[in-house]
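These come from Swiss-Prot:
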| type | residues | note |
| --- | --- | --- |
| SIGNAL | 1-21 | signal peptide |
| DOMAIN | 34-72 | domain 'LRRNT' |
| DISULFID | Cys43-Cys49 | disulfide bond |
| DISULFID | Cys47-Cys59 | disulfide bond |
| REPEAT | 73-94 | repeat 'LRR 1' |
| CARBOHYD | Asn94 | N-linked glycosylation site |
| REPEAT | 97-118 | repeat 'LRR 2' |
| REPEAT | 123-143 | repeat 'LRR 3' |
| REPEAT | 144-165 | repeat 'LRR 4' |
| REPEAT | 168-188 | repeat 'LRR 5' |
| CARBOHYD | Asn168 | N-linked glycosylation site |
| REPEAT | 194-214 | repeat 'LRR 6' |
| REPEAT | 215-236 | repeat 'LRR 7' |
| CARBOHYD | Asn223 | N-linked glycosylation site |
| REPEAT | 239-259 | repeat 'LRR 8' |
| CARBOHYD | Asn261 | N-linked glycosylation site |
| REPEAT | 264-283 | repeat 'LRR 9' |
| REPEAT | 284-305 | repeat 'LRR 10' |
| CARBOHYD | Asn299 | N-linked glycosylation site |
| DISULFID | Cys304-Cys344 | disulfide bond |
Amino acid sequence: MMTLKVCPSLLLLFLVHSVWTRTVRQVYNELDPEHWSHYTFECPQECFCPPSFPNALYCDNKGLKEIPAIPARIWYLYLQNNLIETISEKPFVNATHLRWINLNKNKITNNGIESGVLSKLKRLLYLFLEDNELEEVPAPLPVGLEQLRLARNKISRIPEGVFSNLENLTMLDLHQNNLLDSALQSDTFQGLNSLMQLNIAKNSLKKMPLSIPANTLQLFLDNNSIEVIPENYFSAIPKVTFLRLNYNKLSDEGIPPNGFNVSSILDLQLSHNQLTKIPPINAHLEHLHLDHNRIKSVNGTQICPVSIAVAEDYGLYGNIPRLRYLRLDGNEIQPPIPLDIMICFQLLQAVVI
């Protein structure tokens, strides 16, 4: 009999990833009521209502300029790729079961969102407003939200307390907006006690954001202008597992001696920065991306989380450093790979130079 061993970190990645990649059908199967027969099967003429999926309404890619009246039976509403500018209360009067709204790629502005219309959708779990014309995070929001996607808008402001009641939110995506450091205050993310993924990539940040929720597992800060990691910054987010800081302005001087020596971090991405040496890492780290920096040499003795002698004595089954993937291309390093790297990181499966 063959025994399959699953790496704990890969299992964690699978579990975290599954939270955000469930299909609509899977969510439907979990939440589907036992009987839909008491609802009439009306369908707006602009939309498509699949008989096999009676609580879904597909109005995407129809050139719509306004939201049609939503039947009471609908849980999943697809309105992406239209010309919609406003979200008013009238179309949602009967839509008391809505769980999922996709309004990506429209022309919605903050002024176009009627006051209180979103917060009245008491059962809404997933709200997609990517690729619109928003200049601030809309408020108030439904208190039961689990995912809020606001990428690729023009957001430069986050109203005070807008997230304070969103205790169930697990994912917040604000990437590719116009956020400055001043938009992220110490209490901006207060109340997001369940948050697992925070994406603030492709904004205009120069500093690490303040007061990241303590339960955050994935933090994406790529494509900003961050220069410094504050001392003990990650002690406030002790569960962070995946950290992306690619395409910033980090230098050796901007990283404290043990800035990334945090036991929870399994995947660390620092590509396209200004580093000349490899920063200290923890023994649990499995993936390290340092490509396209200014690194000229690699000293395994210096970067090994344990002494080389100890690593050599541990052997294959010992408590050795867990690094499996190391990317160093785009630097000034020439092959071959130093022997002390291989002695220290005995689980390495790939080194890209």
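Cβ coordinates are placed from backbone N, Cα and C, and glycine is handled just like the others.
Packing against the repeat 'LRR 8' (239-259) from elsewhere in the chain are residues 9, 12, 16, 201, 212, 214-233, 265-277, 279-280, 289: each is 6 or more residues past its ends and has a CB under 8 Å from a CB in it. Counting only the Cα atoms, the space from Cys49 (disulfide bond) to Cys344 (disulfide bond) is about 59 angstrom. A gap of 25 Å separates the Cα atoms of Asn168 (N-linked glycosylation site) and Asn94 (N-linked glycosylation site). With a cut-off of 8 Å between Cβ atoms, the residues of this chain six or more beyond the repeat 'LRR 5' (168-188) that come close are 19-20, 130, 137, 143-158, 160-161, 194-207, 209-211, 220.
Between the candidate glycosylation sites, Asn168, Asn223, Asn261, Asn299, the densest Cβ environment within 10 Å is the one around Asn223. Here the repeat 'LRR 3' (123-143) has a mean pLDDT of 98 out of 100. Sequence-distant contacts of Cys59 (disulfide bond), defined by Cβ-Cβ distance under 8 angstroms and a gap of at least six in the same chain, are Pro44, Glu46, Cys47, Phe48, Ile67, Pro68, Leu77, Tyr78, Leu79, Asn82. The disulfide-bonded residues listed here are Cys43, Cys304; among them, Cys304 has the most other Cβ atoms within 10 Å of its own Cβ.
For Cys304 (disulfide bond), the spatially nearest entry among the recorded positions Cys43, Asn94, Asn223, Asn261 is Asn261, judged by CA separation. Distance between Cα atoms for Asn223 (N-linked glycosylation site) and Asn261 (N-linked glycosylation site): 23 Å, as a whole number.
Cys43 (disulfide bond) is 56 Å away from Asn261 (N-linked glycosylation site) when you measure Cα to Cα. Look at the repeat 'LRR 8' (239-259): DSSP puts its residues at 3 helix, 3 strand, 15 coil. All protein chains considered, the CB of Cys49 (disulfide bond) has 18 other CB atoms within 10 Å.
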